[in-house]
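Database features (Swiss-Prot):
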{"type": "BINDING", "residues": "Arg27, Gln28, Ala29, Gly30, Arg31, Asp78, Tyr155, Thr210, His328", "note": "substrate binding site"}
{"type": "SITE", "residues": "Asp78", "note": "site 'Transition state stabilizer'"}
Amino acid sequence: MTALKNDRFLRALLKQPVDVTPVWMMRQAGRYLPEYRASRAQAGDFMSLCMNPEFACEVTLQPLDRYPQLDAAILFSDILTIPDAMGQGLYFETGEGPRFKKVVSTLADIEALPIPDPHKDLGYVMDAVSTIRRELNGRVPLIGFSGSPWTLATYMVEGGSSKDFRKTKAMLYDNPQAMHLLLDKLAQSVTSYLNGQIQAGAQAVQIFDTWGGNLSAAAYQEFSLAYMKKIVSGLIREHDGRKVPVILFTKNGGLWLESIAEAGADALGLDWTCDIGNARARVGDKVALQGNMDPTVLYAKPEAIRTEVGRILASYGKGSGHVFNLGHGITPEVDPEHAGAFLRAVHELSAQYHE
């Protein structure tokens, strides 16, 4: 494979020295970019973008062409590709977000679920990864990703997104055996899916545990973290002559950083409710940290964005082990110029912390 021209993202995840703090944005290929909206219109809909490797490659590269400061590309896809490949029938309702034609509500439903083969059932994702990796030609590393078992389970049991997860939590407490079987099947599926992405060319992987923070402390350990640990222990950690770093991101997981840091990943993602300096003091000896600016800061003026970037960099302090990111995905209404101001500020203001 082509040598990497910019590997500071991978170096920071492994806490190796860097010249400036690397930066990327969750959902950096997204609706805030006019070029993305044009590609989506051309493709017809969101799933057509995801399922066509050429379109997925095109939109993955758009933010990199616009912002030379980006230190990583992330595969353009959706976390719900796995449940879709299990036969749940993913579709998108305008204004409603993702929905499933089938829901999982009984032990029999769960027992009937297949474990998808990443190459046969999710081949379009593997094709997208290899296409993007080829087109990147070593510019920056490519991040692969998946949803966590708990997060995927919530969509499968609720039939879509939910405010209170009442069906999923009822299953968890009424029928823990069924929930554990579902999570175990999902953990196996995620492990093979991420390993498929690594073999296809992903140079780091992130597990998005978007809804883990909605669990009680005890339930989080048993029904979310335990299954992410299982995945991490089964991942390919070296490929193509390089280590493949793993990032775990539990939104609203700041109370549990110590136990997440024991899961075996290289880095933890932080949402904006955490103080990154405090997080470093607690777990920085074990893992790198990624984050964690409030995405809505991007609605403020560029000077205010720059001030907030400076505050977060100062809070983390000197040395490597920090990948700058937002605390969640960039939102569709953000002005692309403000995103550019954010990215420039990270590189300009962080050099002093790496001397």
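Counting starts with 1 at the first residue shown.
In case you wondered, yes, glycine gets a Cβ from its N, Cα and C as well.
Here the features listed in Swiss-Prot are placed on the structure.
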| residue | record | CB count, 10 Å |
| --- | --- | --- |
| Arg27 | substrate binding site | 19 |
| Ala29 | substrate binding site | 25 |
| Arg31 | substrate binding site | 15 |
| Asp78 | site 'Transition state stabilizer' | 18 |
| Tyr155 | substrate binding site | 27 |
| His328 | substrate binding site | 22 |
Reduce the DSSP letter at Arg27 (substrate binding site) to three states and note it down.
coil
Taking the residues Arg27, Gln28, Ala29, Gly30, Arg31, Asp78, Tyr155, Thr210, His328, which the record names as binding substrate, find the longest CA to CA distance and state it in Å to the nearest whole number.
23
Report, in whole Å, the straight Cα-to-Cα distance of Asp78 (site 'Transition state stabilizer') from His328 (substrate binding site).
15
State the Cα to Cα distance, in Å, between Asp78 (site 'Transition state stabilizer') and Arg27 (substrate binding site), rounded to an integer.
10
